[in-house]
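S.K.: Here's the feature list from TrEMBL:
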type: TRANSMEM; residues: 133-150; note: transmembrane segment
type: TRANSMEM; residues: 162-183; note: transmembrane segment
type: TRANSMEM; residues: 195-213; note: transmembrane segment
type: TRANSMEM; residues: 242-263; note: transmembrane segment
type: TRANSMEM; residues: 270-291; note: transmembrane segment
type: TRANSMEM; residues: 323-344; note: transmembrane segment
type: TRANSMEM; residues: 364-386; note: transmembrane segment
type: TRANSMEM; residues: 398-416; note: transmembrane segment
type: TRANSMEM; residues: 423-440; note: transmembrane segment
type: TRANSMEM; residues: 460-484; note: transmembrane segment
type: DOMAIN; residues: 512-597; note: domain 'STAS'
Amino acid sequence: MSTGNGDYKYPATGVECAHHVAVPPPQPFTKSLKTSLKETFFPDDPLRQFRNQPASRKFILGLQYLFPILEWGPRYSFQFLKADLISGITIASLAIPQGISYAKLANLPPILGLYSSFVPPLVYAMMGSSRDLAVGTVAVGSLLIASMLGSEVKANEHPQTYLHLAFLATFFAGVFQVSLGLLRLGFVVDFLSHATIVGFMGGAATVVCLQQLKGILGLDHFTHGTDIVSVMRSVFTQTHQWRWESGVLGCCFLFFLMLTKYFSKRRPKLFWVSAMAPLTSVILGSLLVYLTHAERHGVQVIGNLKKGLNPPSLSELPFGSPYLSTAIKIGIVTGIIALAEGIAVGRSFAMFKNYHIDGNKEMIAFGMMNIAGSCTSCYLTTGPFSRSAVNFNAGCKTAVSNIVMAMAVMITLLFLTPLFHYTPLVVLSSIIIAAMLGLIDYDAAIHLWKVDKFDFIVCMAAYIGVVFGSVEIGLVLAVAISLLRMVLFVARPRTMVLGNIPNSKIYRSVDQYPAASTVPGVLILEIDAPIYFANAGYLRERISRWIDEEEDKLKAAGESSLQYVILDMGAVGNIDTSGISMLEEVKKSMERSGLKVIHYLINLNLQIPSKNTRQN
């Protein structure tokens, strides 16, 4: 057996054979750099479809890439239209009350929730690649705007400034999203791990539910803080202002919404029951207030919603505002969160229907719809899970369901907005709470605990940070812990001692397989990660410690001293110059101690040579 990857002799076969593997020729630096950049930014090779195509065909393919509707539109059928019509009307019944509710959550005029369910879905229908995503405002994005923007400008003191900065933040969120898509930087979103998203969404949902106590209890004044301590203090220091009428009404509607959701889960074919429940609640609540004049007895209502389509707002974007840096920061944070949620939801439903969506293309679509939205009096939109789930269950076939939803919202804006005058705010609070409770994923957290304790810590850090600190603190804390874990994986790679599984030629970790036995006089170590400058020093010390521990163990047992150290480097995908120097130092150090070092650079079922072979 030899060191390195030049020769390898298979022992104990009766006939000795050697395989000579030539040293690979060095690759030109430019070629290596080009390959690395291509794998980093173009792993899906999006330009493959343009190869060997005439210029006219390339132009058509380019348009279809930017506007997928041009690809599937010519194949659209009447059967698809029937399915999308039903889906679009169904999600519109959910989008209208949710849009109004989430706009209130963001401390924005309620009509903006309807505006944001009109223009952005039309843009996404032309540019998006998901068939199932239903576009609209989301509670987490609304909460982020309310908390981050509200800390700089008070919505009740400077409503116009607050409104214009919300548009500006949406504009920068769109620019950031488009930039990520065009520069092929979609992997940035991957830094938000599944555990981070579970904890962050759960914490944000908890905070949103707590914020709705203002509407449920009919309070006029409420804390601007989002942490649980501030909310509870605000609630229990105003017990004399609680309105029982509002509380009873809120609890009744919340019970109704949760009951319909439970019923739809038990019978999935009746998904429309829970989908129609929010609009039904709005209608019933409005009728109840109108007939009983409950607004005179402490039940707060929406009030007037002006009729008409989205007014232009491009001229209202305050690029010269002293709060420009705040708007940019909010745009980046909300843009990343919106991308993470929208792409994750889109991929989930694409998996069910066995089709693929392009993450970078989705980023461009999200960004363009937010840029267009910021210019038409809309605020941040993405693909919320609840609305997309209804769209999926309703049997949508294409993104035309978003167009149908937008048309339904358009009709509402043109003719039906006066009907929402008597809608009680407590009903909107109940709708938000019912939607948010589904984002607190207990099962996912329990699964993380069972599978990976560190991921569970990341999840809980995000949750606790959001609930007891703020949305920004929870997000930064979770991302920081995730990055720390990634750095630790690189800087402190796993090494393990391998032993022989009885009655086999297979070698596995002696810690994981207690029955595995080590070979006397031979120490087999596996390095389970690439070797870089960041971990070379650690590996040097760790290998030395493994050797010292093995020698102490052999001395204590009265066995022969250590003769061979075998490094199984099958999991080492890359070694930089620091790693090569480290291995050379380890080899020289061990040879001075009378040990022989053997490197396995190919992952094999290790076969330890016999004594006669070992001496060659």
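The backbone N, Cα and C atoms fix where each Cβ goes, and this holds for glycine too.
In the displayed structure, how are the listed features positioned relative to their neighbours?
M.R.: Among residues of the same chain six or more beyond the transmembrane segment (195-213), those with a C-beta under 8 A of the stretch's C-beta atoms are 105, 139-140, 143, 219, 222, 226-228, 231-232, 235, 337, 340-341, 344, 429-430, 432-433, 436-441, 444-445, 448, 452, 455-456, 458-467, 471, 474-475, 478-479, 482.
Outside the transmembrane segment (270-291) by six or more residues, the chain places 90-91, 93-94, 96-98, 249, 253, 256-257, 260-261, 263-264, 299, 301, 390, 393-394, 419-424, 426-427, 430-431, 434 with a CB less than 8 A from a CB of the stretch.
Away from its own ends, the transmembrane segment (323-344) comes close to residues 133, 138, 140-141, 144-145, 148-149, 152-153, 161, 165, 168-177, 180, 186, 188-189, 192, 197, 200-201, 357, 359, 362-363, 366-367, 370, 380-385, 472, 475 of its chain (Cβ-Cβ under 8 Å, at least six residues beyond either end).
Nonlocal intrachain contacts for the transmembrane segment (398-416), taken as residues 6+ away from its ends with a CB within less than 8 angstroms of a stretch CB, comprise 68-69, 72, 76, 80-81, 84-85, 87-89, 91-92, 95-96, 99, 114-115, 117-119, 121-122, 124-125, 128, 130-131, 133-135, 307-310, 391.
Note on the domain 'STAS' (512-597): mean pLDDT across this stretch is 85.
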S.K.: What stretch of 133-150, 423-440, 460-484 shows the most Cβ pairs under 8 Å to the transmembrane segment (242-263)?
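M.R.: Looking at each of 133-150, 423-440, 460-484 in turn, the most contacts to the transmembrane segment (242-263) are made by 423-440.
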S.K.: For the transmembrane segment (364-386), what are the same-chain contacts with Cβ under 8 Å, counting residues 6+ beyond its ends?
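M.R.: Counting only partners 6 or more residues beyond its ends, the transmembrane segment (364-386) has Cβ contacts under 8 Å with 66, 94, 98, 103, 106, 108, 112, 115-116, 118-121, 123-124, 127-130, 133-139, 141-142, 145, 166-171, 173-182, 310-314, 317, 334-335, 338-339, 341-342, 345-346, 435, 438-439.
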S.K.: So which residues does the transmembrane segment (423-440) touch in its own chain, when a touch means Cβ under 8 Å and the partner is 6 or more beyond its ends?
M.R.: 97-98, 100-102, 104-105, 139, 201-202, 204-206, 208-209, 212, 214-216, 218, 246, 249-250, 253-254, 257-258, 261, 277-278, 281-282, 285-286, 288-289, 294-295, 299-302, 385-386
S.K.: Should anything in the same chain at least six residues away from the transmembrane segment (162-183) have a Cβ under 8 Å from its Cβ atoms, list it; otherwise answer none.
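M.R.: Distal contacts: 41, 106-109, 145, 149-150, 152-155, 189, 313, 316-319, 321, 323-324, 326-328, 330-332, 334-336, 338-339, 360-375, 377-380.
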S.K.: What same-chain residues lie close to the transmembrane segment (460-484): Cβ under 8 Å, and 6 or more beyond its ends?
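M.R.: Residues packing against the transmembrane segment (460-484) from afar: 140, 143-144, 147-148, 191-193, 195-196, 198-200, 202-204, 206-207, 225-229, 333, 337, 445.
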